[in-house]
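Straight from TrEMBL, the features:
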{"type": "DOMAIN", "residues": "A:53-246", "note": "domain 'tRNA(Ile)-lysidine/2-thiocytidine synthase N-terminal'"}
{"type": "BINDING", "residues": "A:Ala56, A:Ala57, A:Ser58, A:Asp62, A:Val88, A:Gly166, A:Asp171", "note": "ATP binding site"}
{"type": "DOMAIN", "residues": "A:281-310", "note": "domain 'Cytoplasmic tRNA 2-thiolation protein 1 C-terminal'"}
Amino acid sequence: MPIQCSTGCHKNAVLKRPKTGDALCKDCFFWVFEEEVHHTITAAKLFTPDDYVAIAASGGKDSTVLAYIMKLLNDRYNYGLKLVLLSVDEGITGYRDDSLETVKRNEQQYSIPLKIVSYDELYGWTMDRIVEQIGLKNNCTFCGVFRRQALDRGATLLKVDKIVTGHNADDIAETVIMNILRGDIARLQRCTAIVTASEGTIPRSKPFKYTYEKEIVMYAYFKKLDYFSTECIYSPNAYRGYARAFLKDLEKIRSTSIIDVIHSGECFSVRDGVKLPTQGICEQCGHVSSQPVCKACVLLEGLNKGKPRLGLGKTSKIREHLKRNDENLEGVVASDADTHKINIPKTINIKQLDF
Amino acid sequence: MKVRLEFRGGAELLVNGVTQHTLDLDDNNNKWTVARLLTWIRDNLIQERPELFLQGESVRPGILVLINDTDWELLGELDYQLVENDNVLFISTLHGG
């Protein structure tokens, strides 16, 4: 016997909502999904009329659904937004070039213009070439650090007012757990914010902050949205994978766990008097940084000097040594990195596979 | 008994990249539940690393299962009894987005 929709609309239910346990039919699910995102957007006042908004688009499920929903809600509720798709080409053959084809189709399907910025043009290095230099162990550090800035730079080029990313509730809960495991209090405080903005940067927001991954995937499936779903060829076992598997196990036992973890992350407060790193501006490139020189510039300097391991240890230590003795740098950095058995990329706070 | 299987969202990588499979299951002796089907898939279709598909007796958390386009959580999950021409879809949510 099919189960009927919880709303009493007399249609057969097609899915059980993880957040509430309700059984919903396809139409009621679409409606609830869209309205919840609309509610998130309006409650947090994410946009104002005439905003020019860049949708960070990777071709994956989250950003594809985000592009579709932004277009739909902008039309339905007259947000008055001008939308643009912004993609980063990391230069990963067989992964990003294929997913960019999806974004190009999205450009046509949703009639939203597309801008692609590449690592090659921004930094002079593609990920394929970086992997040739660094190998498969720390490459995600480079990719994550560069991507965060690439989005900002692309957004600056386009002169947009705001950026939206497809981070969903599961992603944010994973980040909370990762930041707790790393003891990164500064990021733990920031990572649950629905909007992140600091002096001189373009504000970024997450309209899917309260949207479960399961519902995004179901929505994409039932709406037959076109997305790309191959794992990045360079990161089969990134650190995030462990947090993700742990959360999925928790969700299986109790489906509200995801929202609960986000809530816990929001509730952490730091005792008065604890010194947190302050965010300043990189003296070389002018981007936001908690160090005098940002991680991207340090990593880039390492690559260009043929010392790609530069920047994989502690940034402050490296700068010290860099000042003191440029020549002995390689040895110092290598020994510093060797003492960290598990090399956790400290700078990566956002998703590594997508954005 | 004919049953169609479909793998998407990256789950197809576990079965050699093939998204659609049509099975002809022998149902003379025993009923086919989803639990039995999962074991069959593990033993006959999964090429390597079965732990990426199964965890214990069920699918790995993060893989969604739809039977005839309905969430298996509404259909009794492992206990659901397959009937002729059922379509069982596995979608991975674990791949980048």
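Positions of Cβ are set from backbone N, Cα and C atoms, glycine also.
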Sites among the binding-site residues A:Ala56, A:Ala57, A:Ser58, A:Asp62, A:Gly166 close to chain B [C-beta, under 8 Å]:
A:Ser58, A:Asp62, A:Gly166
Could you measure the widest C-alpha to C-alpha distance across A:Ala56, A:Ala57, A:Ser58, A:Asp62, A:Val88, A:Gly166, A:Asp171, the residues recorded as binding ATP, and give it to a whole number of angstrom?
19
A:Val88 (ATP binding site): secondary structure state under DSSP, collapsed to three categories:
strand
Quick one: give me the count of other CB atoms within 10 A of the CB of A:Asp171 (ATP binding site).
27
When secondary structure is assigned with DSSP, how many helix, strand and coil residues does the domain 'Cytoplasmic tRNA 2-thiolation protein 1 C-terminal' (A:281-310) contain?
10 helix, 3 strand, 17 coil
Would you count the other CB atoms within 10 A of the CB of A:Ala56 (ATP binding site), including those on all shown protein chains?
26
